């Protein structure tokens, strides 16, 4: 039994690794194969995986996860400013700082569960936002955001490039470097920054897989299904929840650090409540509690954000240019509030629709679809299957009508 | 002494807003057991009711003046609001007092929005996990906020207080502390009195009417009340409407203090959640008390003396959260929370 799951995991790991490494090729036909967007896919994938470790396993809904992302960002920028433009110390420092921050917040918030926990984390995130925005301006540079500066000390490599700001790099490999390749009419772009993010994403995915399969992960799932019972059996659950909260915060800090490494700027808006809501949406959209779901959700949300928010009124007008003027104007008046700067509105709508109709996320949708197709296939092949499994839902009269309407799927 | 009184007064208006919103939140929470993340949006919609009514009342006709000309020689455009044209002096007063008219306007609007929200969306989420309830109302909050942003733009829209209430009164002179020591804007006093009336009204409604009695019984034991043949669901829907009205009115009257913008709802909501947690979830009195308490505390934290004491850090933005942490570490159920509420 254990052997088969092991093999399945290995297969999943291999498929995931190949898919991530081949992302520039896979995504190019969708118009998403350029470095900036792919980096964001990978980074927010890490963020969502981390969030999923907390929410998917323990069921604790944190509404302030963006705070850790923001703290990680600020920490990373400070490291780039003070030490060197090498991204390694920045990432390590960011992870440590956000872990400590998560320890602090988790210690307080985890005293309550359920709704209280969601409210508390939201409040702390908003507090961090306020701190970054106004109170701690000397550290965070307030509304403008923190960025690298020519006057920075950069103890280790200040002398290497006097007079200009060097971009963040990994032992000389600059994050912005891109190798262009034309292949079958597609412009493929292989970017150093993306591959750094991708390597870390794969590593983080592996760690999350190990946590899911470990006894520790089992215990976390027990917290989700029945915490009271766990308490009665003599397990003190809070330390476990705190550990996973800190791990999750470190994932977020890592994502924040990577954002900074790709583009050395950290602003307070990264900590806002909409940012926290976005990661919740990514995880739920993909499927909370599944391994691959959060990464998928992150890619989908970021992809649509990118496409939707770039569309402006002129483009919308072009879509309907073939139609009569009045109809075209009417349609673009309906569509345009959801596009461009109205992307947030589409986000909110998607949010509601997913929660209402697909609370298990896309992964549940896929499972349901596969199950349905499997039943359909079987019922077609042997209609008089006497010992059909109990789970076969559709009664006989409906079953015969199903194949007639395949577009239902 | 006078500085302390001034800070208490300053805290009261913000505290009133917190108390009203927290009261609405707790009403919904206590009856239906749902934490409404879209509650801040109701506050914002209330504020925008004022904006809408003000815009409607000041719809104006533009005519060319027959006698006066601009320096360029073209006739001066005369803007005459229709209400002034129709009602003369009365019309001018109507525009001036549009904030008060907005109360009448907002009550049916908020009632409808509240009931539509409960019947149309939240009703389907009673049997779902709390996380789903939180998330769906969160999505709704984003959508409502963005709709308002699309219609009214991202900039704050200033709303004037009625002329009679513009300016300040010298409370110091009234209570014998010497002239010009405690000067306080009149409208904030009006807001405080208004909030006090609404809060008293809600409590009286729950305490002294049969309807309120049934609702309180339903809050204590919903199932038994249902078994007695009372349609408790309908009454809870009405309470949701009432909560929406209370919150909306808080927004209506707050407009002269804070120009309405699309994100004011969420700014207040997060603070009000903290207020509710500090007051004790499900306790109406706790919510109101904690609202005023934290409002006053916030205003004390913004005193220059406090800032000096803390080496120049202004903590008025974060004091509420710090207090919430201390309260949670010492009294995990909040000031007036009872055992067994939302502890799963």
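Numbering starts at 1 and runs along the chain as it is shown here.
Glycine too: its Cβ is placed from the backbone N, Cα and C atoms.
A TrEMBL annotation is a machine prediction, not a hand-curated record.
Summarising the annotation, TrEMBL assigns transmembrane segment to B:20-53 (among others).
Here TrEMBL flags B:99-122 (among others) as transmembrane segment. Cβ atoms under 8 Å from those of the transmembrane segment (B:99-122) belong to residues 32, 34, 36, 38, 42, 45-46, 49-50, 52-54, 57, 133, 136-137, 140, 159, 161-162, 237-238, 240-245, 247-249, 251-253, 255-256 of the same chain, restricted to positions at least 6 beyond its ends.
Positions annotated as transmembrane segment by TrEMBL: B:164-183 (among others).
Marked as transmembrane segment by TrEMBL: B:190-215 (among others).
Packing against the transmembrane segment (B:235-256) from elsewhere in the chain are residues 16-17, 20-21, 23-25, 27-28, 31-32, 39, 42-51, 99, 102-103, 106-107, 109-111, 113-115, 117-119, 122, 159-161, 165, 187, 190-191, 194-195, 198, 202, 205, 211, 214-215, 218, 264-265: each is 6 or more residues past its ends and has a CB under 8 Å from a CB in it. Annotated transmembrane segment per TrEMBL: B:235-256 (among others), in sequence order.
Per TrEMBL, the feature transmembrane segment maps to B:268-297 (among others).
Per TrEMBL, transmembrane segment is recorded for B:309-329 (among others).
A Cβ distance under 8 Å defines the sequence-distant neighbours of the transmembrane segment (B:190-215), meaning residues of its chain 6+ beyond its ends; these are 12-13, 16-17, 19-20, 23, 27, 31, 165, 225, 230, 232, 235-236, 238-239, 242, 246, 249-250, 253-254, 257, 284, 288.
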